[in-house]
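Residues annotated as substrate binding site in TrEMBL: H10, N29, Q85, G91, Q92, T93, V94, H100. Annotation source TrEMBL lists active site, tele-AMP-histidine intermediate at H98. The feature site 'Important for induction of apoptosis' is assigned by TrEMBL to Y116. The compositional bias 'Basic and acidic residues' annotation in TrEMBL covers 128-159.
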Amino acid sequence: MQKLYNFGPHKLCENQVFYKSKFCIGLVNLKPITPGHVMVIPRRIVPRFAEMTSDEATDMILSAQTIGKVIEKEFDATSLTMAMQDGPQAGQTVPHVHMHIIPRKAGDWANNDDIYDELDGKQAAGVKRVDNDERKPRSIDEMKEEAEKLRPFFNQHED
Ligand code: AMP
């Protein structure tokens, strides 16, 4: 039986998880805004950033560093956007703390900071990544393939 992980109300199967630390996991995104758009979340369902314990918060930041280094290299990027929408009025749609880690390269968005509108689902306002099609949910197989590619780059903590 596959182990399931919580992402707010969603149940994630192991296939989507590419990174495991003591307090956090790294998961591939159902609707990435660019290839390599992943997230790091605490294992425990915690809605807001300030509600994490010190252990969880520390682990999350250190995990974001570790994951970011690999994502930048493996997706041929030269920078990273690391972002968190903390609370519904800030655009948080899943009530479980998550940091977005997104590989960036020169010219990927026509206006660099438009990525924040896209992250907030405001594509309709004319914001568009230069070479992006409409965002649609990926299949389990697509997500599994990406997670399998990333998993070997990390030491995996036991569940
Ligand atoms: P936010 O708008 O900051 O709350 O971001 C929520 C993110 O979670 C978006 O990037 C979604 O594509 C992503 N997402 C929602 N449901 C799932 C899921 N079941 N598995 C992976 N990513 C998800």
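Backbone N, Cα and C define each Cβ position, glycine as well.
A gap of 10 Å separates the Cα atoms of Q85 (substrate binding site) and Y116 (site 'Important for induction of apoptosis'). A simple way to gauge crowding: the CB of H100 (substrate binding site) has 20 other CB atoms within 10 angstroms, across all the protein chains here. Here the C-alpha separation of H100 (substrate binding site) and Y116 (site 'Important for induction of apoptosis') works out to 11 Å.
With the fewest other Cβ atoms inside 10 Å of its Cβ, the least crowded of the binding-site residues N29, Q85, Q92, T93 in this structure is T93. Y116 (site 'Important for induction of apoptosis') and T93 (substrate binding site) are 14 Å apart (CA-CA, integer value). Looking only at the recorded positions G91, V94, H98, Y116, the densest Cβ neighbourhood within 10 Å occurs at H98.
DSSP classifies V94 (substrate binding site) as coil under the three-state reduction. Listed in sequence order, V94 are the same-chain residues at least 6 apart in sequence whose CB falls under 8 Å from the CB of H10 (substrate binding site). H100 (substrate binding site) falls within a strand when secondary structure is assigned with DSSP. Here the residue listed as 'active site, tele-AMP-histidine intermediate' is positioned 11 angstrom away from N29 (substrate binding site), judged by their C-alpha atoms.
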